[in-house]
Amino acid sequence: MYLPDTLTVATGSQWFAGTDDYIYITLVGTEGCSERTLLDKPLYNDFERGAVDSYDVTVGENLGEMELVKIEKQKYWVHDDWYCKYITVKTPSGDYVEFPCFHWLVDDKEVVLRDGKALLPKDDKTRLVKQHRHKELESRRKTYRWREWQPGIPMSIDANTHKELPRDIQFDSEKGVDFILNYSKAIENLCVNQFMHMFQSSWNDFADFERIFVRIKNTISEYVMQHWKEDFMFGYQYLNGCNPVMIQKCTKLPEKFPVTHDMVADCLEREMTLEEEIEAGNIYIADYELMEDISPNSTDPCTLQYLAAPICLLYNNSQSKILPLAIQLGQTPGKENPIFLPSDDQYDWMLAKIWVRSSDFHIHQTVTHLLRTHLVSEVFGVAMFRQLPAVHPAYKLLLPHIRFTIAINTKAREQLICEFGIFDKANGTGGGGHVEMIQKAMRSLTFRSLCFPDAIKARGVDSPEDLPYYYYRDDGNRVWDVTKSFVWDVVCIYYDSDDTVQKDEEIQAFVKDVSSFGMQDLDCCGFPKSLKTREELTEYLTVIIFTASAHHAAVNFGQYDWCSWIPNSPPTMRKPPPKQKGVVDVKFIIQSLPDRGRSCWHLGAVWALSQFQENELFLGMYPDEHFIEKPVKEAMELFRKRLAEVSSVIKVRNEGKKLPYYYFSPDRIPNSVAV
């Protein structure tokens with residue numbers, strides 16, 4: 001019980017600017033509440049950036065057990081937003097009670113805080129805290145509203161611009177995520193702005209592309225530039241490149257891809273027929289069927305742009321290298337859709353591989369990256385704010401992994417992927433094709449496909465013995481297992497049984513909101529509408545954390561490495577796919593590749609997208625202490641230890657490699673989708 005006396009209130013506002021406004025505080029206990037007390041006079045301006053300020057609050061009556069702290073900011077001259085990290089109350093008996101805040105105080109709105117202990121709905125005993133819990137969610141649902149940005153794709157937050165977002169989820173500085181500014185800076189820093197005035201003119205030859213490559217000091221990208229024409233480099237990228245999710249075991253040749261043994265016999269090494277190689281599990285396939293009938297970019301009437309939907313057969317040879325066996329540039333076999341082979345003329349084969357790489361780039365950017373990390377993470381984020389109060393352990397667990405995601409996506413819809421946005425400048429799927437791709441890709445976006453081990457197994461690439469050197473799979477499984485173990489530890493702290501999960505109406509409402517609203521109740525998606533066990537809850541939360549952190553890192557931060565050499569990942573093609581063999585020369589290929597201006601925009605984009613944010617928080621780093629319980633802090637420490645072990649294993653493996661793979665290294669995995 002708190003006796004009438006003086007309580008010391010400490011306010012932490014690290015990292016953010018102070019305020020000149022009036023700050024009032026009210027302490028609420030089970031037996032009553034204190035007077036509304038002014039903490040700061042504007043003249044003294046105590047609330048400075050990085051300050052921890054202490055104030056005495058005199059309480060004239062018994063408050064009982066402390067339950068809530070109310071903070072109120074009122075304008076002095078002009079409104080000055082203030083970010084409060086926490087309130088610590090020292091009682092007359094010398095005890096400390098932490099009230100995490102982590103909110104911006106904006107305008108004259110009141111913020112009501114509970115102490116830092118994570119509690120499920122069943123744990124709230126008094127009418128006051130139950131009422132506060134209900135009011136918090138009621139207010140959040142009015143603030144965080146669903147909206148359909150485009151039909152048939154995951155729902156997003158109801159905001160047209162970054163400035164319209166709730167202050168708590170905006171970037172600290174909007175300038176830092178201005179795509180137009182960042183891309184322009186990238187183009188300038190890479191010294192390629194000199195080519196921008198020649199926007200629609202072709203390069204002269206492959207060596208000419210090096211003129212926009214001179215400033216790159218990057219081991220992988222330089223290696224790609226030197227070896228991109230070689231079949232081993234083409235095949236290697238299916239395992240450890242920027243989009244290592246397309247390769248799958250071929251158990252039977254599809255009728256639409258009539259490759260025969262005679263076509264590829266010279267490339268087979270085991271004295272087996274093609275059918276026997278398939279039976280032995282040595283043949284893989286990458287099918288870009290999603291690209292069929294997607295509208296190419298037509299926003300520039302002076303430059304025709306083209307897309308293709310190729311199929312590529314791959315061979316795991318006796319040295320365990322993945323090599324291309326055959327390529328068909330369309331989905332319908334026929335005389336005008338020949339099957340290109342390694343034995344063809346060098347320029348026929350080169351152009352066929354370039355077309356596959358271009359299609360791979362489009363699938364990567366729009367489906368693997370945008371849809372399956374950015375948009376999906378936003379769905380989880382919006383639903384979290386709508387259905388989980390700040391006191392809920394799942395909210396505390398997920399919040400660091402939602403940080404700035406809604407903001408970056410809103411900024412992208414505002415500048416990047418909108419009509420007439422930056423995406424239209426250089427990408428062959430600009431002008432609406434990217435939206436069509438997402439709509440088609442929704443048919444294969446299932447909840448199970450977001451579970452990393454399930455996705456690997458579904459493609460038949462889960463065996464290290466059959467397919468060694470697949471570092472994306474091996475490292476991804478390590479990070480998945482460590483993350484899932486951490487989530488399980490946290491879940492078991494708060495849920496003592498499966499029945500507790502089933503009776504948690506907030507977590508059930510969260511899951512249902514994701515499925516019924518965020519994913520628009522699409523049956524094909526298979527997102528659960530409820531959770532019945534602790535294991536199911538653990539897997540669900542692991543999917544959210546892994547998608548936003550590890551998987552985004554794996555498919556985002558390699559863009560500069562693998563896509564900066566334009567012929568290896570052309571963002572658009574200016575001539576249609578060849579309909580016959582023997583008509584292609586090097587001049588035709590150069591004229592097919594992006595022109596100077598589009599090449600520069602592309603280079604600036606992949607550079608900007610591959611940069612970490614300032615003050616980046618990596619996986620396992622939780623400087624904002626939303627949890628105060630010792631068991632959770634111990635679980636976090638164990639999580640960090642296990643992540644460090646994974647980083648160490650990856651570092652040792654990479655030593656001496658010309659093509660190191662580090663995209664799943666935990667020390668390079670940001671906590672959230674924020675770029």
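Note: Cβ is positioned from N, Cα and C throughout, glycine not excepted.
For reference, TrEMBL has these:
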- G18, D80, D81: Ca(2+) 1 binding site (BINDING)
- D40: Ca(2+) 2 binding site (BINDING)
- H369, H374, H552: Fe cation binding site (BINDING)
- 3-119: domain 'PLAT' (DOMAIN)
- 118-675: domain 'Lipoxygenase' (DOMAIN)
- W104: site 'Essential for stabilizing binding to COTL1' (SITE)
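Structure coloured by features recorded in TrEMBL.
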| residue | record | CB count, 10 Å |
| --- | --- | --- |
| D81 | Ca(2+) 1 binding site | 15 |
| W104 | site 'Essential for stabilizing binding to COTL1' | 18 |
| H369 | Fe cation binding site | 21 |
| H374 | Fe cation binding site | 23 |
| H552 | Fe cation binding site | 25 |
Around the Fe cation site formed by H369, H374, H552, list the extra residues of the same chain whose Cβ is within 8 Å of the site's Cβ centroid. T368, L370, R372, T373, S377, H551, V555, N556, V673
Sequence-ordered binding-site residues within 10 Å (Cα) of D81 (Ca(2+) 1 binding site), taken from H369, H374, H552, are none
Here the Cα-Cα span from W104 (site 'Essential for stabilizing binding to COTL1') to H374 (Fe cation binding site), rounded to a whole number of angstrom, reaches 24
